[in-house]
Amino acid sequence: MNPFLLATSIENWIDSASFWPLSVLPAAVWAAIIHTTLVGLFFGLPAFVFIWAERKVAGRIQDRLGPTRVGGRFGWLQSLADGVKLIQKEDLAPNAADVMLFRLAPYIVVIAAFSAFMFLPFSAGLVAVAMDAGLFIALAVLSLEVLGIVLAGYASGSKWSLFGGMREAAQMVSYEVPLGITVVIPVVVAGTLNLGEIGALQSGGIQNWLIFSSPFTFLAFFVFFTVTLASNKRAPFDLAEAESELVGGFHTEYSGMRWSFFFLAEYASMFFVSALGAILFLGGWWTGFSPLDNWLLSTAQSSVGGDYLLRVFGMKILMVKAAILVFVQIWIRWTLPRLRIDQVMTTCLKYLVPMSCFLFLGAVIWPLVLATTIGQTSIWSPVGDRMPRSRRSGEPEVSSEVEGDETAMNRWNSRDSLVTVGLSTGEAE
Amino acid sequence: MSTVLFVIYALAASGGALAVVLSQNVVRMAFWLVISLSSVAGLFFLLGADFVGATQLLIYVGGTVVLLIFGVMLTSSGPYGTIKSQPAEVVQAGIIGMAFLALVASTVLSVNWEANEVRLAHANDHAEHGHVHEVSEPESEQGYNPEESGNTTRSLGTALLGVRFDKDLSLESEDGSNHGHTHGNHEVSAGYLLPFEIVSVHLLVVLVGAAYLARAKRRVDVENA
Amino acid sequence: MENVGLEMFLAVSAVLFVCGVVCMATKRNAIGVLMGVELVLNGANLNLVAFSRYGSLGLDGQVMSLFVIVLAAAEAAAALAIVLAFYNNHMTVDVDQATDLQG
């Protein structure tokens, strides 16, 4: 069985726990239910909160109050009211539409935004699918969202939708390049594509966060943030919807639940890229205050179940960081005017691509410069020292299948460390 | 469990491919192509090729197909325009396709791959040593097995940079026994560094060429207008 | 993966390959022909990765399939640029109309 298939870890856990007399198929069904519920919580709750926050922040920025009535003083339940309203609406497809694609397109968008969370580690070990190519595949899955939007734009049979879809495709071609390059920068510093490892590397103090590892990564974070605005279709890059020019862009013809799917997906992917930014640059699930982290670690190890609680605490930290980034995205949306499509492509291709290439080169050369000037490869402690090599796949508790392959993994690790030694001493063995 | 997944992915991949052939609308074809290619990515994951599967999703499904749909939007003359083939052509192509499929499928299913594998291993031993001083067992000749060695990202990356963890420098295992064909073989091959560089230059050439084609046509338009 | 052998993957890739060939042969829309090419390349890729898993060549198959994917993307970009140029000259993407060289 493949170690990184979705259901495997819970299936193993149910098998090993043996308190539940289940055969393989019901176990797989249970695993699927548990996973989808967990991921669904992370998918739905942030969207719920952020829709409310969007209205509230927009109101405050425009010197209004925002929602005040539904569910108490601050309008907490505004999102619920919105949802109820949307569910009641009629689900219709226009005559001119290609009905099959029109109905399927929202599902592609939602599924893409939904499955990207599978690869996101919320805390040390709290990841549904831990794999070495985690960052890469998360971005790959997230980029499928564009496909649904382009299909929706085409299938609606409306010129506004078609314009929205084409704008989204053009925008995607331009933002994917700087997004890929800026994401590679922290990967180069950390030396791994595994998101769990990248998070674990940033323990012990705010100076160990990858954003502070060199001036280039510091700038790269801002380029990354700009590009994620474009990838989320958030203002000033919301060309695909552009209410004032294209009515609603790609979702002009949608109503009811299918319309709200697009928005659930948008808020979920906002949260996703913000959490990704927090893991890649902003220290992941670490507080950034090393005495606090150390105290938490020591108390957690000395108490029963403390390990689990520590992870949940780490998840809260990550969600707070991501929520702050989402807040900044909302803030930017309601303060900046929209760009034109040619300005978007100019920004992404003419400015952000050269900038990110330069930052990438700088991040590669930086350790060499440091090594020749101050004699070590980073200003603070080198990233490789912060994590034990043997735990390179990160999460021993969750990925129980790794323990099953313990000897094989060890052999592999020892192999490649020997190869590294061989390379550095210039001989084959 | 993996058998069920295989059946699902295999059916989706084949069905998607069939639907690509059968549907007339280009955008629907693109949609079915997405289904087919994503299922192939799923098959890659089943085969333990996580990095290749992710590349498939990112470049094919996320990149190439969006590019194709973009092309459809730029070139379609009317809404949902279809260019139909002659029915006779379709029938001909269908018959030839079925015959070809029967040929390929029967060939694939009739070959005994494991026996060939063993024979290939013997042949390699002959070629390398001139004499069969140690007949390797087929078990030690298995391919890259992700269940034993975790994920493929690092090994693929180093292979592209010229070092093969899975072949060169394959070290003796803990009990001192060698894997069959690798004993005493500590030559370092160049891996895939040269093809990697060639591909990167090729990509640059294609980028410049495609941009040039797109530019040239616009200039002609301006002159005509 | 106990019950699924190499043959099954090869059969799926044969289906993909044949569908791609038929698609290339029958479609008159240039972009449809391109999709056929993508299907053919994917069938070959599936073969490569399956042999990498079941054969004795280690990671070679996977590296090859990576190159194939990258080159297929490049091919799609170049072909699409050609299709766009053709469309600008003939206002159609029907490959049967590409008869200029017949004189």
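Quick reminder: no glycine exception, Cβ is built from N, Cα and C everywhere.
All annotation found in TrEMBL is predicted automatically rather than curated by experts.
According to TrEMBL:
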COMPBIAS  A:386-395  compositional bias 'Basic and acidic residues'
REGION    A:384-416  region 'Disordered'
TRANSMEM  A:28-53  transmembrane segment
TRANSMEM  A:104-129  transmembrane segment
TRANSMEM  A:135-156  transmembrane segment
TRANSMEM  A:177-196  transmembrane segment
TRANSMEM  A:208-230  transmembrane segment
TRANSMEM  A:267-288  transmembrane segment
TRANSMEM  A:308-331  transmembrane segment
TRANSMEM  A:351-369  transmembrane segment
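Same-chain residues lying 6+ beyond the ends of the transmembrane segment (A:177-196) with a Cβ under 8 Å from its Cβ atoms: 119-121, 124-125, 127, 130-136, 138-139, 210, 213-214, 216-217, 220, 223-224, 227-228, 231, 276, 279-281, 348-349, 352-353, 355-357, 359-360, 363-364, 383-384, 392-395. Most Cβ pairs under 8 Å with the transmembrane segment (A:351-369) belong to A:208-230, among the candidate stretches A:104-129, A:135-156, A:208-230, A:308-331. Across A:104-129, A:135-156, A:308-331, the stretch most heavily in contact with the transmembrane segment (A:208-230), judged by Cβ pairs under 8 Å, is A:308-331. Packing against the transmembrane segment (A:308-331) from elsewhere in the chain are residues 46, 49-50, 53-54, 57-58, 61, 122-126, 225, 229, 232, 234, 270-271, 274-275, 277-279, 282-287, 296-297, 300: each is 6 or more residues past its ends and has a CB under 8 Å from a CB in it.
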